[in-house]
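For reference, the structure discussed in these notes is given below.
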Amino acid sequence: MAVGRTGRYLLRACMLAGLPAVLAACEGRQSALDAAGAAARDILVTGWALFVGGTVIFLAVMGLALYAALARPERFPGRLSWVVGGGLLFPVVTLTALQIHEFGLARRLAVLAPDPALVVEVTGVMWWWDVRYHADGADPVRGANEIVLPAGRPVELRVTSADVIHSFWVPSLAGKIDMIPGHVNRLPVVAERPGLYRGQCAEYCGAQHALMAFDVRVLPAGEFDAWLAARRRPPPEPATPELARGRDAFFAVGCHACHAVHGTAADGLVGPDLSGIGARPSLAAGTLPNRVETIAAWIQAAQHIKPESRMPSFDVMDGDTLHAMAAWLESLK
Ligand code: CUA
């Protein structure tokens, strides 16, 4: 009896200790178990059905195996029907039903809206993301390492790669899709609720694969329209002498050769577009939180933070100039 009671206490303790951890793991901005998109929800429902169904079948088979091992043969009648029913008919019926469901799901997940109001082109580059928004027939709006989406509207993502194979995955919103050089893959996405989500490259693509992440900001549709309109306007003039000095340093050092800032003379295409960088949640493809200090650290020590990336470490500036440049970039919102 004592063992039984200890066992029950142990079980309860495990549940108390484990349950919050398990539940916490289900939430979060990069979780396939916390669906915030139509496609992710479809995948999640199928995933749970497979998990629960698989668990029930596993327990049933283990129970039967135990019974068969312990019971006397004469207490296990109709052996042939067990073999035919459980070993042949049951798997054929369940797997066929599952296959039919999967075909339907795969079809649904790939259905593209005939004339999407918003197409977002995402190109994987070692190790960051180039993003272009096509809407209203106007010139595309460029961004990087962050995708801003309107809640509730169907969006078509067109993904490709500039170098090696990457994989685009925002678990909260949709399934993953390969980014292949010379080929465009299309992924329909409907983000259901506003929020901040996280995507991650899901295919090993070199030394800094692990530091190739991005943020997805889902805004209420009206706010998204305002955001897109703001992205089309040039940034305001620097509000303080320090910010002006920072902007001048940006051009003096030559940052504009690789980076673009919409509405200024900076139109480089090699590196991430920095228009509105101050509003992004993170820096360097999800590597650092976005603050003036981390922008300065990244400019000064990019090769230390993300070795082999194409961003050189600009450790030649004095501290004031570096800070001014970082402050100007952070002011671009
Ligand atoms: Cu890109 Cu892994």
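Cβ coordinates come from backbone N, Cα and C, glycine included.
The annotation domain 'Cytochrome oxidase subunit II copper A binding' is assigned in TrEMBL to 115-230.
Annotation source TrEMBL lists domain 'Cytochrome c' at 241-333. For the domain 'Cytochrome c' (241-333), the mean pLDDT of the prediction comes to 95.
Summarising the annotation, TrEMBL assigns transmembrane segment to 48-70 (among others).
Long-range contacts of the transmembrane segment (82-100) within the same chain, counting only residues at least 6 positions beyond its ends with a Cβ under 8 Å from a Cβ of the stretch, are 50, 53, 64, 76. Taken from TrEMBL, the feature transmembrane segment applies to 82-100 (among others).
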For the domain 'Cytochrome oxidase subunit II copper A binding' (115-230), the number of residues DSSP places in helix, strand and coil: 13 helix, 62 strand, 41 coil
Secondary structure content of the domain 'Cytochrome c' (241-333), with strand meaning DSSP E or B: 46 helix, 6 strand, 41 coil
